[in-house]
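**Student:** Per TrEMBL, domain 'Amino acid transporter transmembrane' is recorded for 2-373. Per TrEMBL, the feature transmembrane segment maps to 23-44, 71-91, 103-126, 138-161, 181-200, 212-232, 252-274, 295-316, 322-343, 355-374.
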Amino acid sequence: MNGINVLCGVGILSTPYAIKQGGWLGLVILVVFALLAWYTGVLLRRCLDSKEGLQTYPDIGHAAFGTTGRIAISIILYVELYACCIEYLILESDNLSKLFPNVHLSIGGLTINSHVFFAILTTLVVMPTTWLRDLTCLSYISAGGVVASILVVICLCWIGVVDHVGFENKGTALNLPGIPIAIGLYGYCYSGHGVFPNIYSSLKNRNQFPSILFTCIGFSTILFTAAAVMGYKMFGEATESQFTLNLPENLVVSKIAVWATVANPITKYALTITPLAMSLEELLPRSQQKYSNIILLRSALVVSTLIIALSVPFFALVMALIGSLFAMLVTYILPCACFLAILKAKATWYQTATCSFIIAVGVTCACVGTYSSLSGIVQNYAT
């Protein structure tokens, strides 16, 4: 359940848009990423078993490349978590403004539209949750993210079948110019490797990890594919960056889907930002590590995500950037690099060749996808 909860996040909302960008054949990328994600997850397990005391991803980085490896991997993981929090605020702003498009706030001569208003409101709601020392209650609530993801897909299917929206759009087989963005969106779907070492370390029977990982990735891939195919068949070239923005506003099922989408990130925000906040707190002098200072630090961190979310309110492009850059590093490139560094003497020629191939694919996808995502953000600013 923890593994599926990590994978089945907001990425599922953009899978129909990914087909719009890359065409039907782009789904092959999703399947390939799923298989490679399972293989690199197993490699992480091999790394954890190579030495006593290894439990986390930074531990693997330290075993592979020393202190430099630990620091580099920690920074990459924390920046990825920070970027996900930005994505949560953009998601909340987009979906709540769809539910309440006429909401606005006037302060003097300044008028705040619905997008900005709901981004600020969401920030004010999640900020107190980041002050909590014990996040156990939020952990249980966020586990409902699996249920929420399944519910959203069921609602999409219901609208297409029962409410007769239909699945009439044929779409395009292949759209080469959009493939780089599709790579980033599909890559984001498998950005759970930062947590998998912790899940492995917590298992009572660790021999079951490969099958557990296969089940998590397989189930998630089925959900991703179902949402992608149904959403694109329903909305075609009109597909938005989140398929919830395409759902007919007059239907009760649409409102259920949107509210399920809105509720999920609110419970996950604090859990996502806390590891980064705790690492920053450790940099404070001992005399300054008071609860009041910790609240100020965490509040400033939350406000900074709001500022960036308002500055770069492009959900699909931000997701593609995270998927292209951080997911490629955390999910594909670094597991292979760490495996070769730690176990190269014991690795077979097949494992060495496979790791080298995955690293080459990951670097290529990262370069192409990151360039396209950044170019898209710049073009959106220009227009």
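Glycine is treated like the rest: Cβ placed from N, Cα and C.
Heads up, TrEMBL stuff is auto-annotated, nobody curated it.
I would like each feature placed in context: is it buried or exposed, what are its neighbours, and how far apart are things?
**Tutor:** Cβ atoms under 8 Å from those of the transmembrane segment (71-91) belong to residues 9-10, 13, 57-58, 60-61, 65, 119, 122-123, 191, 194, 242, 261-262, 265-266, 268-269, 272-273, 275-276, 279, 302, 305-306, 308-309, 312-315, 318-319, 321-322, 326-327, 329-330, 334 of the same chain, restricted to positions at least 6 beyond its ends.
Listed as Cβ neighbours of the transmembrane segment (181-200) (distance under 8 Å, sequence separation of 6 or more from its ends, same chain) are residues 2-3, 6-7, 11-12, 14-15, 17-19, 21-22, 26, 29-30, 33-34, 37, 40-41, 44-45, 48, 54-57, 59-60, 77, 80-81, 206, 209, 212-213, 216-217, 220, 224, 316-317, 319-324, 326-328, 330-331, 335, 365, 368-370, 372-373, 376.
Within the chain, the transmembrane segment (295-316) has long-range Cβ neighbours (under 8 A, six or more residues past its boundaries) at 14, 17, 82, 85-87, 89-91, 93-94, 115-116, 119-120, 123, 126-127, 130-131, 181, 185, 241-242, 273, 276-277, 280-281, 284, 376-377, 380.
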**Student:** Of the listed stretches 23-44, 138-161, 252-274, which one has the most C-beta pairs under 8 A with the transmembrane segment (212-232)?
**Tutor:** 23-44
**Student:** Can you say which of 103-126, 252-274, 322-343 has the most Cβ pairs under 8 Å with the transmembrane segment (138-161)?
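**Tutor:** The stretch with the most close Cβ contacts to the transmembrane segment (138-161) is 252-274.
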**Student:** With Cβ-Cβ distances below 8 Å as the criterion, list the same-chain residues six or more beyond the ends of the transmembrane segment (322-343) that contact it, or say none.
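**Tutor:** Residues 11, 36-37, 40-41, 43-44, 46-47, 50-51, 57, 60-61, 63-65, 69, 73, 76-77, 79-80, 83-84, 87, 180, 183-194, 351-352, 355-356, 358-359, 361-363, 365-366, 368-370, 372-373.
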